[in-house]
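Quick look at what TrEMBL lists:
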type	residues	note
DOMAIN	7-145	domain 'Lactate/malate dehydrogenase N-terminal'
BINDING	12-17, D37, K42, Y68, 82-83, N98, 121-123, S146	NAD(+) binding site
BINDING	Q85, R91, N123, P124, V125, D126, D151, T152, A153, R154, T232	substrate binding site
DOMAIN	148-315	domain 'Lactate/malate dehydrogenase C-terminal'
BINDING	R156, H171	beta-D-fructose 1,6-bisphosphate binding site
ACT_SITE	H178	active site, proton acceptor
MOD_RES	Y223	phosphotyrosine
Amino acid sequence: MLKRVNRVALIGTGFVGSSYAFALLNQGITEELVLIDLNKEKAEGDAMDLNHGLPFAPSRTKIWYGDYKECGEADLVVITAGANQKPGETRLDLVEKNTKIFKGIVEEIMASGFDGIFLVATNPVDILTYAVWKFSGLPKERVIGSGTILDTARFRFLLGDYFDVDTRNVHAYIIGEHGDTELPVWSHADIAGTSISEWTNNKDGFNQEDLDQLFLNVRDAAYHIIERKGATYYGIAMGLVRLTKAILENENSVLTVSAYLDGEYGQKDIYIGVPAVVNRRGVRQIVELDLNEEEKAKFKNSVQVLKKTMEPVFKHF
Ligand SMILES: NC(=O)c1ccc[n+]([C@@H]2O[C@H](COP(=O)([O-])OP(=O)(O)OC[C@H]3O[C@@H](n4cnc5c(N)ncnc54)[C@H](O)[C@@H]3O)[C@@H](O)[C@H]2O)c1
């Protein structure tokens, strides 16, 4: 029997979208990739350019630029379209602008007969993932935001760098809003099963201020990169590819994504970054970390900040 062909539809081929497409092609994860953008010429140009890399790719990916009708047969729709963060602008400032854009996009996708999984990266990602869930009417499990996948990657990278250990052996999570109120879960951060506090005891010249600064560098990384080069895209693109693989290959991988909480962490009716088991059906289950009191309070604050921002917006929609 022939293996079923996977199709990914990418909406938005800007910095993030085109980097995602490039990384996806290089890892040979999907058989079909359709590129859609308001700027058709950009999507067409990207399709041409990416196709010219096919002789060097690990496997065949059919890539073309298309329109929303072609989402009907997609297994996964990845949305990276919309306005991006300008210098000095917070992710939450983008909310009104992008919610409006999303209503139109999601309506067109659903009109194509799409019945797969949505993966959202556009900022403010937690709120726009909630918007996609509302506008699409799909079950909550099948609407996922990239959440704190990138922040968690930055955290793992910096911890690995600080202790001089391969980042892939660092297990640590950033949870909450993908933005200013996110928090590190120090109580469950470990390297190869050994707590960060033990690693700090054995580190010459260690001081707590270093770890506090390390988290600030995670939280503010986007601002630092945007100041230097105007946008961030490689890290998130690789995070989105990682998620795509976990979904299409039914991996049951634990990744920090923006998932819908329905009582987990004591919260309801919110999309926010938490570790979750991800597979072919989307979010199989949320992993509830046993947070300490300080972490609980910070997480609650993050939920409240998001809810406060969302309330006025969703009154119009
Ligand atoms: N989740 C994360 O961790 C993370 C990280 C980096 C960037 N982002 C976000 O990703 C988004 C994209 O960033 P970027 O740097 O690629 O921006 P960009 O401006 O380079 O690309 C946006 C693309 O969206 C397209 N677009 C705009 N309106 C559209 C519509 N109605 N329909 C279809 N396409 C439309 C534009 O033509 C453009 O090609 C931003 O919201 C940014 O904040 C998220």
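Heads up, the Cβ atoms here are built off N, Cα and C, so glycines get one too.
Ligand 1 lies under 6 Å from the Cβ of G14, out of the binding-site residues G14, D151, A153.
Sparsest Cβ environment among the binding-site residues A83, A121, V125, A153 (other Cβ atoms counted within 10 Å): A83.
If you take the Cα of A153 (substrate binding site) and the Cα of H171 (beta-D-fructose 1,6-bisphosphate binding site), they are about 10 angstrom apart, rounded to a whole number.
Sorted by the number of other CB atoms within 10 A, the recorded positions Y68, Y223 start with Y223, the lowest. Fewest other C-beta atoms within 10 Å: among the recorded positions R156, H171, H178, that description fits H171. When pLDDT values are averaged over the domain 'Lactate/malate dehydrogenase N-terminal' (7-145), the model yields 95. Each of the binding-site residues Q85, N123, T232 was assessed for Cβ neighbours inside 10 Å, and the highest tally belongs to N123. Distance between Cα atoms for T232 (substrate binding site) and V16 (NAD(+) binding site): 7 Å, as a whole number. Sequence-distant neighbours of G12 (NAD(+) binding site) (same chain, six or more apart, CB under 8 Å from its CB) are I36, D37, I79, T80, A81, G82, T122, listed in sequence order.
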